[in-house]
Each structure stands twice: as C-alpha cells, then as structure tokens.
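My questions will all concern the structure given below.
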C-alpha cells in the first residue's frame, strides 16, 4: 500500500502581532512591539502551501485558534460582557491581553506529536496534543488543538487522540518541534527520534543556564508510551544546553530529519556519536540506512543558523528519491549559510534542490517553514479517512485567499488588540472558516 507524508500547515490567525512573548526566541524578542500585517502573514503561509501542492506534494491546512481568548481572561478574573472583559484587560493588564491575542498557533509543529500507524502497537495513527506548558500564551492552545485535530482525523478505526500531558514543568511538551521520524519508507516501521532539553527528575542531565529548556525527557517518554512505541523504535537525544542558551529553543531550529537523512549542526546535540550509533543501529534493523549530514560550526555558526533559520527548513522527499529543502529568504540573505547550501547541493548529498520562500511575517516572530507545518505520515486508506475539507486544492486555495482578504486587517499593533470590534471580526471569520474546512463546531464561541 502506498504511503505519503502530508504537511498540514498552520493558517495564520487574524490577530497576528509582534508581542515579544517568547523568552528564549531571539526573533520574537527582537521584533517585539513592531506593527504586524496579519493579512500578509496569512497570504505568505498560503502561498507556501499552494507552491508545495503545485510541486506534487499532498498538502493540508490546520485552522487557527479563537483569539482574543476571552474565556481565559474570565478565568483570570475579568468579568462583564466579552467587550468589557477586553476593555478591562487592556486597561488593567495589557501584557496579559497581548498574550491572550497571540496567533502563535500558526506554528503547528508545536500542536502535537504524531506517530504513524506502522510504528504503533495498535496500528493506528496516534496524536498527542502538546501542553506547551512553558509559555502562557501557548499553554492555552491545546484544548482547541485537540478539537481541531479530532475533526480532521475523526475515524477511530484509523486515528487515536490523546489529551495533552499534565500541565506542569516536569512534563513540558513542545510537540513535533522536538520530534523527527526516520524510515526507509513512510509506510514501513521507522525510528522515532525524541529530543529533550532537560530531565525533570534526573539531575545527571545538564540543563541550560540562560534560557529555559522547554521539553523534558519525561514528557518525551510519556508520549512514546501513549503511542505504543517499541523500545527498538525510539531514540532519545539531549539537545546541547549551550545552543539553547544561544536561542535554539526547539530542536527544529538546529536540526531537521526526513526519511533516512538527519541534517544537523555540529553543536546540536550532546553525546552526538553514541546517539548517531544508536540511531544508525535501530534504523538498520527496520531496513533503513542513516545518512547524517553534519554542518560544521566552522562553516555556519550557531548564531547564523539561528538568524537564518537554516535548520527550520522542510526536507521533502521527491519521487526520484532525492530531497528538496524549503528555506526562508533569510538563508539567501546570509552569506555563510547561502554559500554552504550551494556546496550542499553541488556535493553528492541527498539534497538536490533548495527552494526559497518569503515568510517574513512569521520569521520576525520566530517561526520558519518547519514551525508552520505538522507532518503526518499516512497510508492510502488513512489519507482517504482524513476530512477532505482540510486537504489543499486549487479551489480551496482560492477560497482561503479570498477569505483572508475579506476578514484580515493589514495592520496590527498592540493598541489594535484592545479594539472590541476585533473580537467580532475574528469570530465572524472563524465561523466561516469552520464551514469552509468542514470542521463543525471547534471554537469556544461555537460551543457555548
């Protein structure tokens, strides 16, 4: 049976703004308080989705969250009508309103961890929504994420959904941004690669000193258990604490994997050689042969990797067996990174082509091509069971671009978030979106 890996990209929400909410994310912090353009952000994301669809890749779309999060503000003590809640929050605690308006759910690499059916004990595709416990503005996402994923992958014969892990620091889980799967073929058993920043309970593991390590070993192990993964099909690797302190807040900022290829920076991991040996051995047992591409620090510094988001790229398999690397424009603008990429495709490497995309609105908030997509490997029967409304087609692209043009503002500053009309505009847009994508009722305002 044929299998493919589908990229489900996050649709940027109507409240996209530069709130500077993500401590440890250099781009997010450095662009704080700038004026954002939600319409441009959403259209840039849709353009990438359509381009990959046009290249022959199966492409999906994942809906944004309801923002402002009025229910969350009520939980924190603001009372009155929805408009009064927003007005009071703006007057009394503007940073909290900014957090409650974040469009960070666009980075769906953090939405969940996904294990394909070939790896799981019960032969179903498993999803665990990420608790994103490290940051308030992201910790409020998982209830809606779970409902949206449930509406997209509804057939219990093929799909299993798990709620987020307990929302405490010991089980901090950032989803697929710290998870990669290696395999010889998407439909065959593979090796799932979980990267953690620290251990909550075992002091033998080092931890970063400046910025928080958002993913714990304990969370990664819990997800592997929930998904019914075998010990022989899992490798746990620790991210280098020194690079976390340089702004590498997720593993997908310093490494990317696909198929049998791991593309990573020399400083990405601790104990790199033993980890590679374990990965090579376990992948070999399921018929694969690891190809590790190490980018030397002498050619690309960690700082340049973070600035350009070289590793926050999409590594995609083409029908001829070669790979395509999707990178943001910032890679082309960085001399050392671009020179390295030219050497990479000229060498005898699996990467045959580099394709550049303008994702500036997302990049300025700290999210590149890989942040914007959730990968789901599916067999033909499983793909047929996915809600067809969320699979990108030329007509759906046209419908969504028109929807964005109708509902999105072209300017969003902190003051705009206090406008009570914004809530009405967002709910109107999302209500229409659930009909376009055939999701049913998934947002709090639709459920109440």
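Glycine residues also receive a Cβ, built from the backbone N, Cα and C atoms like all the rest.
For reference, Swiss-Prot lists these features for the protein:
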BINDING   19-28, 110, 137-138, 214, 252, 365  substrate binding site
ACT_SITE  174  active site
ACT_SITE  250  active site
ACT_SITE  371  active site, nucleophile
According to DSSP, which kind of secondary structure is residue 19 (substrate binding site) found in, if we only use helix, strand and coil?
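Once the DSSP labels are grouped into three classes, residue 19 (substrate binding site) ends up as coil.
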On the three-state reduction of DSSP, what should I expect for residue 138 (substrate binding site)?
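Looking at the DSSP assignment, residue 138 (substrate binding site) belongs to a helix.
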If I take the alpha carbons of residue 19 (substrate binding site) and the residue listed as 'active site, nucleophile', what is the distance between them in whole Å?
18
In angstrom units, rounded to an integer, how far apart are the Cα atoms of residue 250 (active site) and residue 371 (active site, nucleophile)?
10
For a quick check of understanding: among the recorded positions 174, 252, which residue's Cβ has the most other Cβ atoms within 10 Å?
174
Far apart in sequence but close in space: which same-chain residues, 6 or more away, have a Cβ under 8 Å from residue 371 (active site, nucleophile)?
106, 107, 108, 109, 110, 177, 250, 252, 312, 362
Take the C-alpha atoms of residue 138 (substrate binding site) and residue 174 (active site) and report the distance between them in angstrom, rounded.
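That separation, Cα to Cα, works out to 10 Å.
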Looking only at DSSP and grouping its letters into three states, which state does residue 174 (active site) belong to?
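SS state of residue 174 (active site) = coil.
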